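A quick write-up on the structure given underneath.
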């Protein structure tokens, strides 16, 4: 099989963005992100494997389009309403880095999801992410501005002296304090095993969490890696035309 035939696409379809991952076989070679309202288009006769985790419209069904479901992710003991993105990220983390493992996915919602040494779901937590907390203050107060987050900016002072810095301080310091508490509890239960940070805000949070644990890693593409793993398990190998 040629390298061109091995190229395929994975997509994580959310509420606000679609993240594309170009693969050559099992290797992730390129990642792109587009607004969710933009119509999905890709080269003809290219496999597309989708994880729909939001309300954005999906492409029509075709032999080239595969929409993954929670039941296709070989994570042990998931509950029925577990988010597909959480399951894919956790399973990908476990098979790539080892079990037990904990994934902190810092997206629109920030989630913590953990599995034990057998790859069985332990459970997790969901809370508003950095952007959602900032947006809530801007939307539901009369005079507080909407603040933006810069991964390269220093952590704001705890006792800020202007409104924007005070908002960043309140959100970031309380979020980090909560994550420290969750990580400490996880380590009491599972003293060994990797901890993974992923998601759009993970780049900002990771430097502040990294000193807490030697096994903490940053992997921005866990959900795409999970899609690739499921493709390996479930894809139908097409025979060349005329083959018996």
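Every residue, even glycine, has its Cβ placed from backbone N, Cα and C.
Summarising the annotation, Swiss-Prot assigns active site, proton acceptor to 85. Following the DSSP three-state reduction, the secondary structure of residue 85 (active site, proton acceptor) is helix.
Annotation for residue 16 (ATP binding site): same-chain Cβ neighbours under 8 Å, separated by at least 6 residues, are 35, 36, 54, 108. Per Swiss-Prot, ATP binding site is recorded for 12, 13, 14, 15, 16, 17, 18, 19, 108, and the stated evidence type is sequence analysis.
Feature annotation from Swiss-Prot assigns substrate binding site to 79, 83, 84, 85, 86, 163; the stated evidence is sequence analysis.
In sequence order, 85, 86, 89, 111, 112, 113, 198, 199, 202, 222, 223 make up the list of same-chain residues 6 or more apart from residue 105 (K(+) binding site) whose Cβ falls under 8 Å from its Cβ. Residues or ranges marked as K(+) binding site by Swiss-Prot: 105.
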Open item on the list: Tell me the Cα distance separating residue 18 (ATP binding site) from residue 84 (substrate binding site), rounded to the nearest angstrom.
Closed with: 15
Task: By Cα-Cα distance, the member of binding-site residues 79, 83, 163 nearest residue 18 (ATP binding site) - done: 83
Task: For residue 163 (substrate binding site), nearby residues of its own chain (Cβ under 8 Å, 6 or more apart in sequence) - done: 144, 145
